[in-house]
Ligand code: HEM
């Protein structure tokens, strides 16, 4: 019965939209649907969404609408549409993400809309370029601790090695020093549940939780972990100064602005945002560098010239040291360009004209950083790993290359972008300073299943590491 009434409502909605467009004599972009109501092109799209987008662009042109699982997604792939996505006032970030945020972190829409601006301003301040270098010392210390545990040599799956290093370092810096579990069973549980939550995040953001039992179990496990630990995080005092961690500052905003106890829910979101992209980007950067011997050699020479040749001293990494090693930053940015998020999204709030089509309000406007970064007009020889293309970017003025949109854009661009770059730079410096590394397998292909966030590797890749003498 419920299904029938939902179908009737959807059909009526579609008819109303058609009438709206007809009455105003407006023409929508070409629409890709399917013969099953509501599901639409859902199955085809879901099988390999990245490939679907590119095939649709070739078949239908630079703007097209995909109707799938009750949602209309209008993709823009060329200049005019990209400009509308990046600059128009008629498209809205908060309205586009409120539903996925509700599904993945159980934050009700009204609370999300009320708090978003304040939390964003706080994050931008804490993670912005003025305060960023406060994290350098702590990140270096945490990463040292993790690398020490690797011992003198070994062979590991590169992805799991990166997780082992970055999970604790990130959590201890952003939430509370010493918060990441240290006993083996708890560490294993954390890895297992965070990975399950991360892997299912895309489906969890679209489908009811009852259809995703394993994902839902891990989400609940992580929420319970936060629930138990929030009081501890709140009262923790930094040994060095009185500064608050990012999570503590977040809890302060929540306490001031609402009576709802949503600390665990926002904790879960921060955890996911801070790990889900930076872990695979570190994997791919190490992978790309190690499979380009001349780039690897130049990086090793740079590290030796700044920190000395042998990897025995416990080194500190300063802002000045990082400036002397620009190639490492270019390699990270070139990696992010090649493995950029599948899509970013905005909700259309008023009819907008793009290339003689009218995109109706209610549509999700979609931009694919992954495909924009593969357009040879913007990035010549787009499939090649060419870190030197980043020479042209004025990174000291905090500007990326034109049309680089991996961190989103506009008012709500990723507030963690500078921290992500800093964390990955230090991780790579320490790894290469202490260890001689090489890959034992070819770099795997990227999975085309992920639209939300950067691309994951499709298979295993082993790394061999040996302490430098
Ligand atoms: C290479 C790593 C990263 C990539 C590629 C990335 C990418 C993105 C993208 C594409 C968005 C959406 C922006 C938009 O639609 O305009 C975003 C949002 C966000 N990112 Fe990142 N991110 C990364 C690392 C981080 C880190 C390390 C943190 C945390 C410390 C973080 C925190 C956030 C938060 C909190 C938001 C939501 C902002 C809001 O609600 O307005 N990100 N990120």
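Cβ coordinates come from backbone N, Cα and C, glycine included.
Outside the transmembrane segment (266-290), and at least 6 residues removed from its termini, the chain residues within Cβ reach (under 8 Å) are 101, 104-105, 107, 119, 158-159, 162-163, 166-167, 170-171, 174-175, 194, 197-198, 201, 219, 222-223, 226, 230, 233, 246-247, 250, 254, 296, 299, 331-332, 334-336, 338-339, 341, 385, 416, 419-420, 423-424, 427-428, 431, 437-439, 443, 453-457, 461, 463. Taken from TrEMBL, the feature transmembrane segment applies to 266-290.
Per TrEMBL, the feature heme binding site maps to 414. Mapped onto three states, the DSSP output places residue 414 (heme binding site) in coil.
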All-chain count of other Cβ atoms within 10 Å of residue 414 (heme binding site): 18
